[in-house]
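Features reported for this protein in Swiss-Prot:
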- C22, C25: Cu cation 1 binding site (BINDING)
- H147, H155, H164, D167: Zn(2+) binding site (BINDING)
- C244, C246: Cu cation 2 binding site (BINDING)
- K76: ubiquitin cross-link (CROSSLNK)
- K189: ubiquitin cross-link (CROSSLNK)
- K216: ubiquitin cross-link (CROSSLNK)
- K241: ubiquitin cross-link (CROSSLNK)
- C141-C227: disulfide bond (DISULFID)
- 11-74: domain 'HMA' (DOMAIN)
- S267: phosphoserine (MOD_RES)
- 88-234: region 'Superoxide dismutase-like' (REGION)
Amino acid sequence: MASDSGNQGTLCTLEFAVQMTCQSCVDAVRKSLQGVAGVQDVEVHLEDQMVLVHTTLPSQEVQALLEGTGRQAVLKGMGSGQLQNLGAAVAILGGPGTVQGVVRFLQLTPERCLIEGTIDGLEPGLHGLHVHQYGDLTNNCNSCGNHFNPDGASHGGPQDSDRHRGDLGNVRADADGRAIFRMEDEQLKVWDVIGRSLIIDEGEDDLGRGGHPLSKITGNSGERLACGIIARSAGLFQNPKQICSCDGLTIWEERGRPIAGKGRKESAQPPAHL
């Protein structure tokens, strides 16, 4: 697996919809990514309001750079250098507490899967991240079953050959409680985890080396803080949607709103005084 973040790892392509209306918008977008470590190339298509970024950075970091120009940006798809789409998925994490996040999966090659995401509301430090057996949230995260482990192995670290297939190690939250990470895994496959769940834990995963009775079972990483079902998502150019057919919101109106529930219908801006 690669590092939590930075410019290491396999290059992938991020497809963003960006609000652009003129050539100065294009110039500002290009300038925002120019010379950034981990960004190899940028394609800006004004007519389609589309920006393609070839990068090794987490999508959240690229999106923040784009939105630093004062323009909204929405990630619409991810892809690898492969000619065919090998599969992509996403998990929206939530729970009874304040922890929430988005984690994406992209099958880079038949042997290598990219996992990247952003999780907020954590205590600073390391937190175990695991794929679990079931996509069942009827009892919050407690009904998701054990770590995904079709091989009957003991719990271990992501670089161990003998480990649960769902053992993704730890992600680190900063002083503000945010974890931004990008990692690659040679055991996990997108097609094996769709319909299962992803869980972020309260504490550090000891990677099976801690000597605690739970070390070889869960990594002794504590309570389950937040979870989400892993669902199939769009690869490159597979998401042409500009308006949601379910409620008529544009992709710009959706930005910053929940994907479901009462909060989705409430405007993020106060009504105009007419």
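Each Cβ is built from the backbone N, Cα and C atoms, and glycine gets one as well.
Feature map: annotations from Swiss-Prot on the structure.
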| residue | record | DSSP (3 states) |
| --- | --- | --- |
| C25 | Cu cation 1 binding site | helix |
| K76 | ubiquitin cross-link | strand |
| C141 | disulfide bond | strand |
| H147 | Zn(2+) binding site | strand |
| H155 | Zn(2+) binding site | coil |
| H164 | Zn(2+) binding site | coil |
| K189 | ubiquitin cross-link | coil |
| K216 | ubiquitin cross-link | coil |
| C227 | disulfide bond | strand |
Point to revise | Non-site residues, in chain order, whose CB comes within 8 A of the mean position of the CB atoms of H147, H155, H164, D167 at Zn(2+) | key: H130, F148, N149, A153, S154, G156, R163, R165, G166, G208, T218, G219
Exercise for review: Across all the protein chains here, work out how many other Cβ atoms are within 10 Å of the Cβ of C25 (Cu cation 1 binding site).
Suggested key: 18
Point to revise | Nearest of the recorded positions (C22, C25, C141, K189, K216) to H155 (Zn(2+) binding site) - Cα to Cα | key: K216
Study note, to complete from the structure: For C227 (disulfide bond), the nonlocal same-chain Cβ neighbours (under 8 Å, six or more residues apart) come out as L93, G94, G95, H132, L137, N140, C141, C144, S197, L198, I199, I200
Study note, to complete from the structure: Comparing the Cα of K216 (ubiquitin cross-link) with the Cα atoms of the recorded positions C22, H147, K189, the shortest distance belongs to H147
**Study point:** Close in space, distant in sequence - K189 (ubiquitin cross-link), Cβ under 8 Å, 6 or more apart
**Key:** G87, Q107, C113
Revision key, fill the gap. Rounding to whole Å, the Cα atoms of H164 (Zn(2+) binding site) and C25 (Cu cation 1 binding site) are apart by 47
Practice item. Sort the recorded positions K76, H147, D167 by C-alpha distance from C25 (Cu cation 1 binding site) and give me just the closest. Key: K76
